[in-house]
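Q: Just passing along the structure, written as structure tokens.
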């Protein structure tokens, strides 16, 4: 009996036992080989991810220190999904979502499903039910650290419950992964940072909830606040750096910087200036900026104001940047060469 007949017999047996479509040849499956994506709301980050945004049907982890922009980035992704007609859900385990801020970022609150569960099991059960429905495009869990196991809630303050949250996350992700892929729903887990005690070499930082999420996530984003943006003496925003520490769909370790303005979110105009200058679309001479031989302003903040008031110019600059996305990724968003790369690679 030759191999072809043996294989056909095995395939027939598998389909009889588990149903048609349980096994197929990848090229003939009819499934799109290109992964569908949803924009992050940041042009630079979309380019750095290598596929034009965050992937659908996958697990994504966004982690970083406090007040670094984790929830802001997740809400921008929700807003972008809603613009395309997607249905989004937000599981607010921290009980800290600000609806007014979400609206300012472009989130349609009337269509956003929100849950504020009491226990971690309840939160993940709700997530599982929503994903299995097949009707959700983006599901955000904010945050993993706030998913408290019921046994810990019912216990006394100060009781030691080692590893319970890690076991909860591990079991939940085992159940969720297949459903997420089938329903083509993107699940974004927001996570916090903790310090490991007694680490002599490498980074002492780690994320909460054990190691399961590091393995199951297709994309992991490390977001950090690297400076303040001031107008005279008043702080009006943060300079933010995002590093792609894990990416199963494109080369990882790209990093990008952008501005997060208070009450506004990611500054698109600021990104257009920075990416435009580095890509050669916007010319900078001293403090003057010009595009297509036309001066558009003196000083970065003035140019941001000009682009907000002239969406046609901003649109042309964005189109030119997107057209050269491949070159830009190589030229300006090169792999970072920080000493922690080895640590990140090991954790990823």
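Cβ coordinates come from backbone N, Cα and C, glycine included.
Positions annotated as ATP binding site by Swiss-Prot, on the basis of sequence analysis: 64, 65, 66, 67, 68, 69, 70, 71.
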Q: Would you mind checking how many other C-beta atoms are within 10 angstroms of the C-beta on residue 67 (ATP binding site)?
A: 11
Q: Taking the Cβ of residue 69 (ATP binding site) as the centre, count every other Cβ atom within 10 Å, in any protein chain shown.
A: 23
Q: With a radius of 8 angstroms around the mean position of the C-beta atoms of 64, 65, 66, 67, 68, 69, 70, 71, what other residues of the same chain does the ATP site pick up?
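A: So the additional residues around the site are 223, 225.
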